[in-house]
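J.: Have a look at this one.
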Amino acid sequence: MKKTQQKEIKNVTNITGVRQIELWRRDDLQHPRIDEVAEEVPVALVYNGISHVVMMASPKDLEYFALGFSLSEGIIESPRDIFGMDVVPSCNGLEVQIELSSRRFMGLKERRRALAGRTGCGVCGVEQLNDIGKPVQPLPFTQAFDLNKLDDALRHLNDFQPVGQLTGCTHAAAWMLPSGELVGGHEDVGRHVALDKLLGRRSQEGESWQQGAVLVSSRASYEMVQKSAMCGVEILFAVSAATTLAVEVAERCNLTLVGFCKPGRATVYTHPQRLIHN
């Protein structure tokens with residue numbers, strides 16, 4: 001497979017993720033108008049010529065999605081395990097063609113599964129229930145986060161959703177410094193995909209997962225917790241609620257899980273010792 005530089009891949013996926021369509025408003029069904037709707041396309045991740053997963057996603061920043069998914073699913077251990085990547089059109093969507101190291105590809109073949117995902121679904125098509133959970137090393141306790149800094153971050157999360165501002169149809173995942181500043185984020189029609197894009201980008205840039213937290217605009221499902229923990233994230237803030245399985249996984253892997261995050265409000269589900277509130 002042809003090896004492609006990162007900047008070349010970005011040119012392939014330089015898509016807005018928005019399409020204009022004709023629609024009707026409730027108060028005027030006689031006169032159509034033009035409005036923006038978020039794009040959702042099938043994206044296949046193909047490792048060394050073998051299709052591994054098809055996800056429904058926004059057609060942008062797919063190189064970060066592929067890297068983040070590969071890391072958060074345990075397919076690779078570091079970005080160095082990927083030798084090349086191409087984003088190419090396919091008959092019904094897009095393919096991300098990934099060249100893996102031989103060692104990682106052999107491991108992938110041993111645990112290969114075929115997924116046909118709903119929007120951002122990370123478990124559709126697993127071969128048996130035992131395949132759902134992945135062993136995650138317990139996270140260290142290396143930081144303390146002041147909850148008073150959360151409110152400012154919540155007010156700025158929408159800044160990372162330009163498509164969402166136009167369409168009302170995307171989730172966001174952003175990295176939050178201990179100061180409350182958001183220093184990078186991604187959006188997608190799928191919440192898991194938005195998170196994978198963030199994980200992929202920070203890993204590609206060699207950023208540390210300590211001294212900060214992930215903030216997501218969605219609920220906290222177990223996949224969100226597991227993906228975060230697989231990459232070394234110690235604290236996950238979610239705007240909506242957490243599921244019981246998410247709480248169980250977070251407790252087991254030492255991740256601090258916080259839901260119902262609104263200005264002046266937060267519900268801590270696990271490991272509050274990382275949090276400060278004066």
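The backbone N, Cα and C atoms fix where each Cβ goes, and this holds for glycine too.
Remember, predicted model here, so these are calculated numbers, not experimental data.
According to Swiss-Prot, the protein has these features:
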ACT_SITE  Cys121  active site, cysteine persulfide intermediate
BINDING   Phe260, Cys261, Lys262, Pro263, Gly264, Arg265  Mo-bis(molybdopterin guanine dinucleotide) binding site
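Could you give the neighbours, burial and distances for every feature on this list?
T.: The Cβ neighbour count for Gly264 (Mo-bis(molybdopterin guanine dinucleotide) binding site), using a 10 Å radius over every protein chain in view, is 9.
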J.: Given a 10 Å Cβ-Cβ cut-off, pick out the one of the binding-site residues Cys261, Lys262 that has the most other Cβ atoms nearby.
T.: Cys261
J.: Taking the Cβ of Pro263 (Mo-bis(molybdopterin guanine dinucleotide) binding site) as the centre, how many other Cβ atoms fall within a 10 Å radius?
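T.: Neighbour count, Cβ to Cβ under the 10 Å cut-off: 11.
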J.: Just to be sure I understand the packing, how many Cβ atoms besides its own are within 10 Å of the Cβ of Arg265 (Mo-bis(molybdopterin guanine dinucleotide) binding site)?
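T.: 11, counting other Cβ atoms within 10 Å of Arg265 (Mo-bis(molybdopterin guanine dinucleotide) binding site).
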